[in-house]
């Protein structure tokens, strides 16, 4: 059994775009049999919550450097480059699970 | 209301908050224009305008699509008294800073100002909004809509 990954899903207000991305990431993980805890946050909370998480997925620009891998996922909103960002997320999860 | 009640963008349209043929020159003018009506009609608190301006400058909401930009400005839930999605179709494109790169801008004719106060409870509406944003034909129709009823029909 692969390790369950803890994922922060962030946007500016933690109210609109992260809600959409949460669902997309949930579906992506389900399709790929990845077990994950998804936590919806405001990007401002990411720095303090990163210690309990393996991966950050955000729809905003990243205001700082994080110790965990961070992926920008506006593609889920615009529909442009969705396959690329999905691959990026799956690669990051693979790396986390093999660490 | 049960969680599985699918709500679409059209359920959040409010007639006074469909603004067509506006001539705003920048985002501040657009927010001021929307706020004037939203505040008067009791949709927002007096904190809405300062907060949405501040929010847009820190975390901009312009989305660069293949052939145009759209924007989905929104701000904290506690500034919203009654939920809405305001639609602004400006005569000329307005420069919005991009969500993925605030150093760049995107030209926006159609902006969807989101007045939401139920975190997590509006997934269907937001998904329906993303469907609209990703549909060039729908955006074309919105850009040329001549009245509010037409906007409601396009989004229904």
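Even glycines carry a Cβ here, placed using N, Cα and C.
Listed in TrEMBL for this protein:
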DOMAIN    B:11-156  domain 'PTS EIIA type-2'
Mean of pLDDT values spanning the domain 'PTS EIIA type-2' (B:11-156): 94
Helix, strand and coil totals (DSSP H, G, I; E, B; other) for the domain 'PTS EIIA type-2' (B:11-156): 61 helix, 44 strand, 41 coil
